[in-house]
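Report on one structure; see the data block that follows.
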Amino acid sequence: MELPSHKTKIIATIGPASKQKETIKKMIKAGMSVARINFSHGTLEEHAKTIETVRDVAEKLERRVAILGDLPGLKMRVGKIKGDSVTLRKGDKVVLTTRDIEGDETTIPVEFKDLPKLVSKGDTIYLSDGYIMLRVEEVRENEVECVVVNGGILFSHKGINIPKANLPIEAITPRDFEIIEFAIEHGVDAIGLSFVGSVYDVLKVKSFLEKKSADLFVIAKIERPDAVRNFDEILNAADGIMIARGDLGVEMPIEKLPIMQKQLIKKTNLAAKPVITATQMLVSMTTERIPKRAEVTDVANAILDGTDAVMLSEETAIGKYPVESVEMMAKIAKTTEEYRESLGYSRLRAWIDSLPKRSTIKEAITRSVIDALCAIDIKYILTPTRTGLTPRLISRFKPKQWILAFSSSERVCNNLAFSYGVYPFCMDENFNEKDIIMLVKGLGIVKEDDTVLLTEGRPIGKTVGTNTMRIFQIP
């Protein structure tokens, strides 16, 4: 078998433009590692069919594709629009109404009854991740009359942002918990928690999953100033982080976003947890076959910052070129990774070495792995794992070698789909080193006399963490 051309993981949102079996097949072949289901749109019946299609296609292609379910959260959204979209032009008057109607260019329904209580004359309201800007002219009992300051095309169920508004609702809603139950039932691998404000939002979901005896990977989406302020505690509780730049760039000064992204990626790397950079990465490809030069640079810089994964949203959900968007992301990743060595794990190693010396044996071993990679021409890193931690500890250094991870847990293997440079293999229970070598040789990944590095826990057969590193040539 042939490993992917790039190590950065690509998450693609499945929607009306990409839910067809043939399109999903092409996206997987192009490099999609994770299929994202956005539960803010569509019905659960539609999502169940999409999940089934992704699983079926991935199995036939013999590819491992994880499924991420993105929860709606507390986000205010516009309602249903006639024809699914409307063009709002600068200077137009438009009314936001809490009435349950179908919207048009003059009246837009909102799915939040308390909207009139949150705004006053002169306030700014943003729609569709800040692309459209409205100024409040008059507030009535169930309506807000506005003038369009920045126009654009508004689609059904797009988000509403009111900077500095205090939303009187929980971050994780009752509807979210219903969707989590659906996700458990349908074998979704990970859930994205929208509009997390504090560690308690993460812990509440973790507690719910524990009661359901479910071990879904919990990814906290950072899209509110509160989440940035409480980031360290959120990072400690979550399994992974998504930097959701659309809402974050509206809720805080946009000029602070680039540095904030770098800081959050660095912290998540240090914690050895996967970090996803999301929103508007190749957004021009929603309608154009070739992305903007600035978008290509944005993707490359996120990869150089240390992101594990990059995410496509409307580009693949509703765009004209879903397959081409994945292909472009893969091309950018491949080219950028070739230049990482001068900026990559040496910098992260310096950061880690500057931390207080509280390393575990496993962490010390993974640091030694990086030293060995710098000294010897090693082809692959082989990491048997029960929890996925050892591959992630190595992955944070972003080495140029593939990390081949082996686990008897299907869930662990799917969760590793979010980590940079990790290619997971699901093994039978009680597999050993001989089984690993037979597998990778049989697949044609390694050849006789290739030098590989193996991490393992000794004594073999005992439930112990990684405590040993060996370098040897494939017999």
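From the backbone N, Cα and C atoms, a Cβ is placed for every residue, glycine too.
The substrate binding site annotation in Swiss-Prot covers Arg36, Gly246, Asp247, Thr279 and is backed by similarity to another entry. Look at Swiss-Prot and you will find Asn38, Ser40, Asp70 tagged as K(+) binding site. Per Swiss-Prot, ATP binding site is recorded for Asn38, Phe39, Ser40, His41, Arg77, Lys158. Among the features that Swiss-Prot reports, site 'Transition state stabilizer' is placed at Lys221. If you look up Swiss-Prot, you'll see Glu223, Asp247 marked as Mg(2+) binding site.
Recorded features from Swiss-Prot, shown on the structure.
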| residue | record | DSSP class |
| --- | --- | --- |
| Arg36 | substrate binding site | strand |
| Arg77 | ATP binding site | strand |
| Lys158 | ATP binding site | coil |
| Lys221 | site 'Transition state stabilizer' | strand |
| Gly246 | substrate binding site | helix |
| Thr279 | substrate binding site | coil |
Cβ neighbour count within 10 Å of Lys158 (ATP binding site): 21
Farthest-apart CA atoms of Asn38, Phe39, Ser40, His41, Arg77, Lys158, residues recorded for ATP, distance in Å: 14
Three-state secondary structure, which DSSP defines for Asp70 (K(+) binding site): strand
Chain-mates of Asn38, Ser40, Asp70 with C-beta within 8 Å of site centroid, K(+): Thr13, Arg36, Ile37, Phe39, His41, Leu71, Pro72, Gly192, Ser194
Binding-site residues (Glu223, Asp247), the one with most neighbouring Cβ atoms at 10 Å: Glu223
Least surrounded among the recorded positions, given as His41, Arg77, Lys221, when other CB atoms within 10 Å are counted: Arg77
From Asp70, Arg77, Lys158, Lys221, Glu223: recorded positions whose CA lies within 10 A of Arg36 (substrate binding site): Asp70
Beyond the site residues Arg36, Gly246, Asp247, Thr279: chain residues whose C-beta lies within 8 Å of the centroid, for substrate: Asp129, Lys221, Glu223, Ala244, Arg245, Ala278, Gln280, Met311, Ser313
Binding-site residues listed as Asn38, Ser40, least Cβ neighbours within 10 Å: Ser40
Spatially closest candidate among Lys158, Asp247, Thr279, the listed binding-site residues, to Ser40 (K(+) binding site) (Cα to Cα): Lys158
Under 8 Å by Cβ from Asp70 (K(+) binding site), same chain, sequence gap 6 or more: Arg36, Ile37, Asn38, Phe39, Ser40, Ile191, Gly192, Ser194, Lys221
